[in-house]
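K.L.:
Right, I'll just put the structure down here and ask away after.
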Amino acid sequence: MASTSSLALSQALLTRAISHNGSENCVSIPAFSALKSTSPRTSGTISSRRRNASTISHSLRPLVRAAAVEAIVTSSDSSLVDKSVNTIRFLAIDAVEKAKSGHPGLPMGCAPMSHILYDEVMKYNPKNPYWFNRDRFVLSAGHGCMLQYALLHLAGYDSVREEDLKSFRQWGSKTPGHPENFETPGVEATTGPLGQGIANAVGLALAEKHLAARFNKPDNEIVDHYTYSILGDGCQMEGISNEVCSLAGHWGLGKLIAFYDDNHISIDGDTDIAFTESVDKRFEALGWHVIWVKNGNNGYDEIRAAIREAKAVTDKPTLIKVTTTIGYGSPNKANSYSVHGAALGEKEVEATRNNLGWPYEPFHVPEDVKSHWSRHTPEGAALEADWNAKFAAYEKKYPEEAAELKSIISGELPVGWEKALPTYTPDSPGDATRNLSQQCLNALAKAVPGFLGGSADLASSNMTMLKAFGNFQKATPEERNLRFGVREHGMGAICNGIALHSPGFIPYCATFFVFTDYMRAAMRISALSEAGVIYVMTHDSIGLGEDGPTHQPIEHLSSFRAMPNIMMFRPADGNETAGAYKIAVTKRKTPSVLALSRQKLPQLPGTSIESVEKGGYTISDNSTGNKPDVILIGTGSELEIAAQAAEKLREQGKSVRVVSFVCWELFDEQSDAYKESVLPSDVSARVSIEAGSTFGWGKIVGGKGKSIGIDTFGASAPAGKLYKEFGITIEAMVEAAKSLI
């Protein structure tokens, strides 16, 4: 019997089932502790083009020794396995055909390996997709998403019913054109941009390894699950996959098993036109165990043996190269790029049905297949119930560790965590906001169990080291400093995986703000997939000085303000930095970017942690009746300039309001009344100042206001000289204000 605390933990996890649109009717998930346990082969012909292409291909790339794979005995009836595999194929074919859009080739080729994974290997509870100790699966080749939807449907997930398959790629459906974790319970990560999925999988596997090292005991391995992924040639070509797989090998992520769909076909044709490297040897060099399944089309025992071998290797991740035929079973399109991203067409669908001996109507699941897969509901319930009992015993014996683990699993922050954040007064010493950020990071790491992160080889510049913890490494996975090396893109995507593993994981990652250009795709996926990663971006302007325009961000603030579901903070001092972290920690479905200075800044009068929650607020004002002569608006290092310009104008008898615009997105969320109290509509004299692009400031200052900024690239010179030459000065702001009054 699960403990009361375990029941509460179950209830806390139910919130994960609520879709991003706020509906609570998207999926029905009972509390996991309440679930009770109940207890001749069609080979198909292969296009001769596959054999010819294979011959050409292997003449150009060196043969790779296949790891030994033993024949194993399975209890599954081979004819039923064939039938189940073909069910997966035809659910994908039929859905793509009905939508007149999609990618049937990958599901047709990968159906055997995915069937064995979902039906024979993975542990999960289809009635609670968010059960903590489930195995995770990430379809990195996200265009083949009908493969995963078919699997979820057969496994009994309520999120993918027959009507959902029939509405594939349609408005409002639970089966979008690429996997979306926020739309479809059972989907772990949002994939589609190639390489992002395997990177997320590395993050998920890192999270498991970290939690296992922290919380497992000799008598109770409370954290014990695998991460599986399917990636294709396109994922392999993308640079991000090499970045993250290099780290996975370095970290020894033994519970990460990736299936490489080796079908030799890309959108433009055979991969020989652009991709002839030995993937096997590359992964061996990256520190992976490599297995080659030569017959991925129907070599079920080979696949089973490969998985068994992969699980036996505990000190490194495994790549299982599975040679498949894209569009397997299609007489005229198999092994062709034409089957990659378009419906087969009515005639070819019929020909494929005949070829594979499939007499059923579209979307039909044969009764014996349905009956076979139905066991996953009671088996999944039993798995979760067993784990609940295990957790109850763990909690009784190890209450402190259990409390920390529950916080990470549920996302419930410890009581009073925010009190750990530092506060400042105007008399506190001035400092660069990157240094003030480090104080916040270290305070949060001590107060929040799931807080961890690192930098892309710039920890000493980004100031992101957690002083109370060591480095997460192969031998010390319990530590919380992540060393990503110079791999910005991979870093961001790995952090997405960590954030998506459990609601209480709060990963941060860091580099120079300008190098977000190397990781923008991962940051966009953060926003789309509602992964609350904290991006610590230092050296946020020309204020970094002599390194010059290659390192000086200009358009970056504007670009992130334009990105949906991301908060762009530019704090001016210690209180605003702490306030930004407070919000970033609590907003678990929205990533945050903190743009931080290299140069020292003063602690300003009028700032506060609490005020940051408004996004924009008044820090000083000598006007009456909410009608200042002019409003000066600044962010970050330029808020000090706005404050000093205000003093100059006040000396000349002007009434001036100074507004900190630390986060546009939060200001947009405020009531109209609050916005009017800060930026009264009848005060058109407004001047903004920011050491970056002026793009977008028009909506803040209005048609009659002025924006001071930089709309060219920077230059190499000392910071003070740059500010003067680019006109980011007190004098420029005073003159602009006077011209409007």
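The backbone N, Cα and C atoms fix where each Cβ goes, glycine too.
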K.L.:
Would you identify which residue of His178, His210, His340 Swiss-Prot lists as part of the substrate site it also attributes to His103, Arg434, Ser461, His539, Asp547, Arg598?
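P.N.:
Given His103, Arg434, Ser461, His539, Asp547, Arg598 bind substrate in Swiss-Prot, the matching entry from His178, His210, His340 is His340.
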K.L.:
Which residue of Asp233, Asp272, Asp280 does Swiss-Prot report at the same Mg(2+) site as Asn263, Ile265?
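P.N.:
Among the candidates, Swiss-Prot records only Asp233 at this Mg(2+) site.
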K.L.:
Candidates are Ala66, Ala71, Ala155; I want to know which one Swiss-Prot annotates as N-acetylalanine.
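P.N.:
Residue annotated N-acetylalanine in Swiss-Prot: Ala66.
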K.L.:
What else in the chain is close to the region 'Disordered' (171-190), if you only count residues 6 or more beyond its ends and a Cβ gap under 8 Å?
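P.N.:
Distal contacts: 17, 19-20, 26-27, 29, 95, 101-102, 126, 129-130, 136-139, 142-143, 145-146, 148-149, 152, 155, 157-160, 164-165, 196-197, 200-201, 204, 496-497, 500, 525, 528-530.
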K.L.:
Report, in whole Å, the straight Cα-to-Cα distance of His103 (site 'Important for catalytic activity') from Glu488 (active site, proton donor).
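P.N.:
Pair distance, Cα basis, whole Å: 30 Å.
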K.L.:
Using DSSP, would you call His103 (site 'Important for catalytic activity') helix, strand or coil?
P.N.:
coil
K.L.:
By Cβ count within 10 Å, point out the most packed of the recorded positions listed: His103, Ser428, Glu488.
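P.N.:
Its Cβ has the most other Cβ atoms within 10 Å: Glu488.
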K.L.:
What is the number of residues in the region 'Disordered' (171-190) that are helix, strand and coil, as DSSP sees it?
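P.N.:
Output for the region 'Disordered' (171-190) reads 0 helix, 0 strand, 20 coil.
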K.L.:
Measure from the Cβ of His340 (site 'Important for catalytic activity') and count the other Cβ atoms within 10 Å, all protein chains considered.
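P.N.:
Total other Cβ atoms inside 10 Å, all chains included: 22.
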K.L.:
In angstrom units, rounded to an integer, how far apart are the Cα atoms of Ser428 (phosphoserine) and His103 (site 'Important for catalytic activity')?
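P.N.:
Rounded to a whole number, the Cα-Cα distance is 60 Å.
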K.L.:
Quick check: in three-state DSSP terms, what is Glu488 (active site, proton donor)?
P.N.:
helix
